[in-house]
Amino acid sequence: MNPLSLFGPVDAVLGSGEPPLIVYVLVVLAVVNLATRALSHRSNVSQADEGDADAIEQHPAHIASTILLILGSFYLGTVELHSGMVLSVLVVGMFVTDFFELEARRVEVRNDREIGQPKAAVAASVLVVLYAAYLSVFFVIAPLWNAVV
């Protein structure tokens, strides 16, 4: 048994294959997170039109997709140590960026400014999507990569 195989039956399903199935799940979660980010921004704009800075909150779908992405990236760390650690750092960085972007939206409402777009959070999300996509399609570029490295 692999010493990092912590979840038994879950590892048999999501951790099997090359690349593991969890990588494809994470790509889907990263794209869903990017879509819910747009939904959350629209929700923040409509909440800001109501006028109260305390009324601005994250959309529940965005919260759920972020939590699932964090848990999935931590799980990837138990299956593939290196790529799981890199993706976990990117996802946690995206989460922290989300937090500060939400606070920035609240400050903009308090100061009667126009609500800006969450540019840093979108950039962090795109970075997560790109790395997850890289992990999922590495088998395509593996022959070239192995020839060079």
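Quick reminder: no glycine exception, Cβ is built from N, Cα and C everywhere.
Copied from TrEMBL, the annotated features are:
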- 3-149: domain 'DUF7313' (DOMAIN)
- 20-39: transmembrane segment (TRANSMEM)
- 60-77: transmembrane segment (TRANSMEM)
- 83-100: transmembrane segment (TRANSMEM)
- 121-145: transmembrane segment (TRANSMEM)
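Shown for the domain 'DUF7313' (3-149): DSSP residue counts in helix, strand and coil, namely 118 helix, 0 strand, 29 coil. Beyond the transmembrane segment (83-100), the same-chain residues lying 6 or more positions past its ends with a Cβ under 8 Å from any Cβ of the stretch are 23, 26, 33, 58, 62, 66, 69-70, 73-77, 118, 120-121, 124-125, 127-128, 131-132, 135. Here the transmembrane segment (121-145) has Cβ contacts under 8 Å with residues 18-19, 23-24, 26-27, 30-31, 33-34, 37, 69, 83, 86-87, 90-91, 93-94, 97-98, 101 of the same chain, all six or more residues outside its ends.
Within the model, the domain 'DUF7313' (3-149) shows a mean pLDDT value of 87, rounded to a whole number.
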